[in-house]
């Protein structure tokens, strides 16, 4: 049997992230040929990835980043099978590396074809599936561009948000961060009534009417009561109409206008596991 050194194993582990025994076996099989050992590990990783391809990946982490100019933001989601892996520092570090690359990408497919080291990300996912022993996948990609973009990631990397603003006056960083936190915490369904689909509006009004009937309200009062219920629903679920989480005496739009009457929220994104 070909004899290998601890240093050879260490170098291969550093390069591939594979386990000690996997590296040792690959080096023995390759008779110490470093590049061939890497190829053996990749082939083994692909075989493992194929065997795990049917599994569901319901855990994972969300990473949000903005570019240096703070005019573009991105959220990516890296999924796995268990929370144990999702909390692993190497897994989170990998997701952060993907997010850094994602800033310059157009969409998910573009990101998957970008290189990390000497591998495209789509192959890196296969490689790391073999290393980790769980199916991992790039499950989310959301991008937002505006005159100013901020982000918020909730503790544990399970919720992430982006907020875009129409301009970037002095002091905007704190305001934008607070708004991104609002989006993460309160999960609005739309920016305002204009952005809400007519289907959702109609559905919620019909639900309100049905609730009123079940409560035994007079039929001639149903329309008025259901409109009141709908207004309450909109106030709780439209971002601009929501109560501001750091001061519930203000709505979000009042908070924004208090900071600067000329600034507007242009868009937002929110993802969660």
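Using the three backbone atoms N, Cα and C, a Cβ is placed for every residue, glycine included.
The domain 'Translation elongation factor EFTs/EF1B dimerisation' annotation in TrEMBL covers 73-270.
The feature region 'Involved in Mg(2+) ion dislocation from EF-Tu' is assigned by TrEMBL to 82-85. When pLDDT is averaged over the region 'Involved in Mg(2+) ion dislocation from EF-Tu' (82-85), the result is 94.
Within the region 'Involved in Mg(2+) ion dislocation from EF-Tu' (82-85), the DSSP-based counts of helix, strand and coil residues read 3 helix, 0 strand, 1 coil.
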